[in-house]
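Student: Have a look at the structure that comes next, please.
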Amino acid sequence: MDSQDHKAPGFVDIVKSWIPRKSESSNMSRDFWMPDQSCPVCYECDAQFTVFNRRHHCRLCGRVFCAKCAANSIPSPSDETKDSHEEPERIRVCNYCYKQWEQGIVPPDNGASIISLHFSSSPSARSVASTTSNSSNCTIDSTAGPSPRPKMNPRASRRVSSNMDSEKSEQQNAKSRRSSDHYGHVLDSSDNQVEFFVNSSGRSDGEADDDDDYQSDFAQSYAQGNDYYGAINLDEVDHIYGSHEAHDVGVKIEPNISGFPPDQDLDSLNTETIDKTRQQENGWNDVKEGSPPCEESFEPEVVDFESDGLLWLPPEPENEEDEREAVLSDDDGDEGDRGDWGYLRPSNSFNEKDFHSKDKSSGAMKNVVEGHFRALVAQLLEVDNLPMVNEGDEEGWLDIITSLSWEAATLLKPDTSKSGGMDPGGYVKVKCIPCGRRSESMVVKGVVCKKNVAHRRMTSKIEKPRLLILGGALEYQRISNQLSSFDTLLQQEMDHLKMAVAKIDSHNPDILLVEKSVSRFAQEYLLAKDISLVLNIKRSLLERISRCTGAQIVPSIDQLTSPKLGYCDLFHVEKFVETHVSPCQVAKKMAKTLMFFDGCPKPLGCTILLKGAHEDELKKVKHVIQYGVFAAYHLALETSFLADEGASIHELPLQTPITVALPDKPSMVNRSISTIPGFTVSSAEKSPTTELRGEPHKANGDLTGNFTSSKTHFQGKLDGNDRIDPSERLLHNLDTVYCKPPETITSKDDGLVPTLESRQLSFHVEEPSVQKDQWSVLSGATEQVTDGGYTNDSAVIGNQNFNRQEQMESSKGDFHPSASDHQSILVSLSTRCVWKGSVCERAHLLRIKYYGSFDKPLGRFLRDNLFDQDQCCPSCTMPAEAHIHCYTHRQGSLTISVKKLPELLPGQREGKIWMWHRCLKCPRINGFPPATRRIVMSDAAWGLSFGKFLELSFSNHAAASRVANCGHSLHRDCLRFYGFGRMVACFRYASINIYAVTLPPAKLYFNYENQEWLQKESKEVIKKAEVLFNEVQEALSQISAKTMGAGSKGSTPNKIKLSLEELAGLLEQRKKEYKDSLQQMLNVVKDGQPTIDILLINKLRRLIIFDSYAWDECLAGAANMVRNNYLEAPKNSAPKVMGRNVSLEKLSDEKVKSIPTHVAICNDSLLQDADYETCLNQGKSFADTSGKFAIPEDVGSDRPPDCRMEFDPSEGGKDNFVESSQVVKPAHTESQFQATDLSDTLDAAWIGEQTTSENGIFRPPSRAASTNGTQIPDLRLLGSESELNFKGGPTNDEHTTQVQLPSPSFYYSLNKNYSLNSRKHIMAEDRPVYVSSYRELEWRSGARLLLPLGCNDLVLPVYDDEPTSIIAYALTSSEYKAQMSGSDKSRDRLDSGGSFSLFDSVNLLSLNSLSDLSVDMSRSLSSADEQVSQLLHSSLYLKDLHARISFTDEGPPGKVKYSVTCYYAKEFEALRMICCPSETDFIRSLGRCRKWGAQGGKSNVFFAKSLDDRFIIKQVTKTELESFIKFGPAYFKYLTESISTKSPTSLAKILGIYQVSSKHLKGGKEFKMDVLVMENLLFKRNFTRLYDLKGSTRARYNPDTSGSNTVLLDQNLVEAMPTSPIFVGSKAKRLLERAVWNDTSFLASIHVMDYSLLVGVDEERNELVLGIIDFMRQYTWDKHLETWVKTSGLLGGPKNSTPTVISPQQYKKRFRKAMTAYFLMVPDQWSPAAVVPSNSSSAEVKEEEEKDNPQAVGNKS
């Protein structure tokens, strides 16, 4: 092989010399090629090299390949500048390197940027223009490619500390102008100069930038030294913006240290290079981090003046120096003043002229931050039982942790590039070293890890080392498990490793860090080169070192062309031996070896070393200090942002320590959470606020009110809490301080906020529950602030308590806040284009984790999203100024609009962002809100989390409700402006209405307040009574006039006159008592009862009719007596007492032989029966066992005097009391009554028995007299029967006439005997003589009052034009009761086992309504399951499904035959037992109705409403009725189970379907209709908008939107969404979706479609009242045809759009999707952690998973 290889070497060399070759660039040196002699075969394919198969070296890795394996070429990464027209040089590479180049690992430049990482630093650079520098003589060198080997070994010089004396002296000079103060809340304008480096490792656009990156940072590492580790001082806390004085850096940096060319300084760099660098440094546009999708936005209406461009013009600057342009040659001098280590700088280095509002807020800020942070750390230590104060010689942990936390936070400036996170927790590591003292704990400005050098002879301590980081392994084989021939392997490996080490050594590194293993040969070669090796380093640790030192990670040795080295001040390895051993540990002492990279130039990481305790205690301290660092960092940023905004906070007392319960300490359940009294910091909901421990506020001039937050602590089980990173735990624990619901202020008159000791934080509760004190937060769903009388959105709370609490209870197990919920904010984001009037991105939910991967710095958000003029909207292609962005959260919306200015704002090249605001509440200046002076945003404010910025904007607690200089709320009352270049963004907060969702209630609510129609009815009754009494009065006057004007021919004229006077007195008394009693009844109101009961009014009307008949008969009798006494008459004929023979004849026909003349009654009305409705509902018998009326003892004294009129010549004026056995003797005329044969009948009747006369006519129940005298009932109440008894007293020879009102039994007989089956009824054809006007008025009303009494004597008049009155009467009829009872006696709620007496013993004044007697009918059943089983069982027989009731009325309006068919009678009755308080309420409501012109429908069917608005009556078509007959059993089952299991449902309950028919026998008029009775979803509501939604916009638009009761459709809602959106809370949205999901699944299962969601917007209560209606239609063949016609477009309309009528499954999907999109969810504390955007297809996915299982969805938590 060798002979072939060297066959003709001379000839080959000669031929090669003839071929012209281009000169190799320095980085293509053949020194790093594999020797030809050691490579006889191809590295890749093992092909033997011959004269014809020549060797080819890869120009990148140096290995030898054949022509086939090295046939690729790439552009040469040469440093030489090429002309634009000249093609770039190409070099040969192997297949492996070519693939690496294609994948982007090897960039097409000089290889310096091995991994291209986009990043940027904080761009504010506000001090560029205002800073001068004297350090322009600083020389900056740069070298391209590998550094030439210096004369003196650089590694040797860095190992001798004495060689650095000159640098140290320069360090002291720089140090004298810097402070050692590290107070953490002071924030630095970190980029106050033009920097020639980037803020993160791994990015370079050129070699000069690579080395410049090191130079700037490295040069300042001298000046900074250890001056970051001084004591924390609060004296200069107010100096936020820092000094911009010149800082001389007079260090002449040696070329062998800096690596810069000696002939290039800062002045030689042109402006273009600086601009390019600034754009690279500040231009976040390089990072195309995709923001989450947006949804359509709803911006509140802006005021008119906002459209005026003058409003957007920036005001004058506060500091004129900020407007000066930068002097580019001086930029390098700012490096030391800037402090490249983090935002926070020593406070005494600030220039007072740059501090804004320092006089007002400095003291408050200092006290707030210092006191709050120390209190937080103290309580964290207290929770872990760690010593806080000094113990002997040992210093307490409180001061140590406070100092270390602030120091670590000071050193941080997180890389906010795409590759770096914002979370400071990822940049701080804590190491526990159980030795030394506590005071020896320190912060290392760099990386500390458990590693050691690979060889003991390698140097372990190097000052100013150069670090080279190599990824992968340093081995020969670059591909795992590759096979080679053994004979060449060893030689090739040694040659390759020599080449690799030589390549490494060419860059002069002091330390080589390798990710994986290193060959033993390579280790020996590195030792010989005096390069310290550290191998097997984890990738994460390698990246940390790279980030802090600035070194780039070279992927492999093949790409090691021009790497970027890292630097630090000191590299050393130390070994620590444990001196503190915990009691549980073995006595053996352990050793720990740590490697230090101290003094790193990048502010991207530090390490805290904890000493002075055993391992267990240090772990606890580690836990606390991780919290402390994050809190300090976060407080610092927010404090700086607060200062930039010019806000002020109150200086509040710091007396009570706070308590924080740690999530990983579940055993300590007694850890309460309280706060510092009267104090809140600006960290919004993530910082502790204040609370009083039940003691009054101490006098404080700055304390104007109590602060409270909306954040509610929670109970719930957290899994894996120990895995939560420290920043998450800290944010959560800071959140737990904000756990007072609004009721803590509103419920206390003395203004004290109770402690939260009773609201303990528990993370391990087996069954998550909501504590009682949290309900106010849920029901209010708002946050309150009481600060000097300033309250936000407090009016919303009271109107939402009931419904929101109901929603909370209905879904207690849904979503409870977890630890992750408190470290992020969930907002709804939307974007719309104003220029085009289109929605670019629909509203969607976006969760931003604070300082997380999806978060952005505030400044970067402004630059990328709002100020980038090159970025256009992908939806509408319009620029940023054409759009409005809207973020909504809780009770507010933040609207962001952008405009372009006519002139540039200063400082665009330096990245200056200007801030100012205009107060909307201050007096206008020239018609515009006054503006503050504009200032430049500080770097710390620039780096504030945008998520936290949003939280501050939305929060209502005191930390966010900061006060501007004018005294108004900064976020609520001011327009906030941010400007950059020509662009200005305006942020405006506006309160929004968040609606609660109200589903149809399971138990219907009946409003018992006075209703207008009831008032009208009661007035009509009074009017009719007055007409009656006036007529009686007139008749009495006429009769009396006859007695006065005619001569007496009788023997007792005086007695007759006296009797008439007594009758007149009785009339006046009755009139007065009637009015007084009725008025008293109307004025006495009881809860849950009708103030005016229509059933009482009906009974009164019926009784007045009987009263009119009695008075008419009485007056006729009186007139006959006058005629008999004063006129000539036969002596042997007795007077006709009853006056008219017609009535007596009809009574005789009814087999009423006599009327008892002396019936003892109580002074109570029939309306007073205490158990009236109870009888109706439970079937009680109210006849006592003796069959007698019981007389209450307490009313005996109120019994009125006897009201009879009698005149007896023998007895004079003495009352004649007759025993009950006495009867009126016949006076030889047929007009006298015989009563002897009625005694037994009446007794039986009163007890409740029924008798039938000989001719089959129903005999009424009656009652025998029980006392020895005639008692007229108490007439003080109109409700009493007007008992006008005519009584004929016994006489011997001379006849005696006694005139009395008829006894109660007379009217009772009339009530029971009044049967329209008899054409000879007394009153049906009666023509009144004396009360004709009243009778005419009554008949004219159309009420048929003389129908037989219903069950339990209910009086329900029938109106021919009101079908519900026919239904109501049918439901109370005995025929209906008999059909309903059947064989199932237990379900009989209208039992008639006992007769209901008209005159019971309970005083009417004790009752105001029949509702006192109502009993929930569901009590008669054992359980809901029994109801369902019985209900289904009864449906097995068709004859049991429907009940048919017929009756006839022969009243004065005419004879009519009525018929009512009750479909599914028993099932509906069982449903009403569950849904209605009682059957009586249902019947009472149906008693009256009115025709109603319902809008929105197209069916043109009959609609009616019950007069109390409780029910809707809708005509049902034949098809709908047939459909319901089919799916009726499924409907009853679904609705009953939903109610019993409390599963959400939005179905509007149908409580009955009836067929009503009537036929007038005269004229033949007929009426027949099928109707359903449905609950009125809009009962007792005032709606501003009403929608009927089907989920389709096709033909769903109502152009008439002006009417008050106009029903709007889908397209109307879609059009209104941009301007008047409907916002709902997260729980309300989930409740709505669950209900709709359940109902649509059920409706689809029974093949129902074309239903609608009726939505009423109640702005008074902030509620959405909704329910699904019109679900009676199944998808039958006609609907199939309609779908086809509408789809084809034969009858008009778009052909491609989906019709409104589609299959049930398609309808369900479309309906769900639309209802989800129509109602926008505003995130709140109940929002789930994982959010699915509203416009996603998740509904369809869930549908397949839970198909046809709506109950599972409803019950799932």
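Just so it is clear, glycine is given a Cβ too, placed from its N, Cα and C backbone atoms.
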Student: Labelled region 'Disordered' by Swiss-Prot, one stretch among 313-346, 1265-1298. Can you tell me which?
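Tutor: Per Swiss-Prot, the stretch marked region 'Disordered' is 313-346.
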Student: Quick one: sort out which of 1381-1409, 1584-1612, 1729-1757 is the region 'Disordered' according to Swiss-Prot.
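Tutor: Here Swiss-Prot associates region 'Disordered' with the stretch 1729-1757.
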Student: Can you list the residues of the same chain, besides CYS42, CYS45, CYS66, CYS69, whose Cβ falls within 8 Å of the Zn(2+) 1 site's Cβ centroid?
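Tutor: Filtered neighbour residues, in order: VAL41, TYR43, GLU44, ASP46, ALA47, PHE65, ALA67, LYS68, ALA70.
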Student: Out of these binding-site residues, CYS42, CYS45, CYS66, CYS69, which one has the fewest other C-beta atoms within 10 Å of its own C-beta?
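Tutor: Sparsest of the binding-site residues CYS42, CYS45, CYS66, CYS69 by Cβ contacts within 10 Å: CYS45.
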Student: Could you count the residues of the zinc finger (36-102) that DSSP puts in helix, in strand and in coil?
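Tutor: Split by secondary structure, the zinc finger (36-102) comes out as 11 helix, 14 strand, 42 coil.
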Student: Roughly where does the zinc finger (36-102) sit in mean pLDDT, to the nearest integer?
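Tutor: Summing pLDDT over the zinc finger (36-102) and dividing by its length gives 78.
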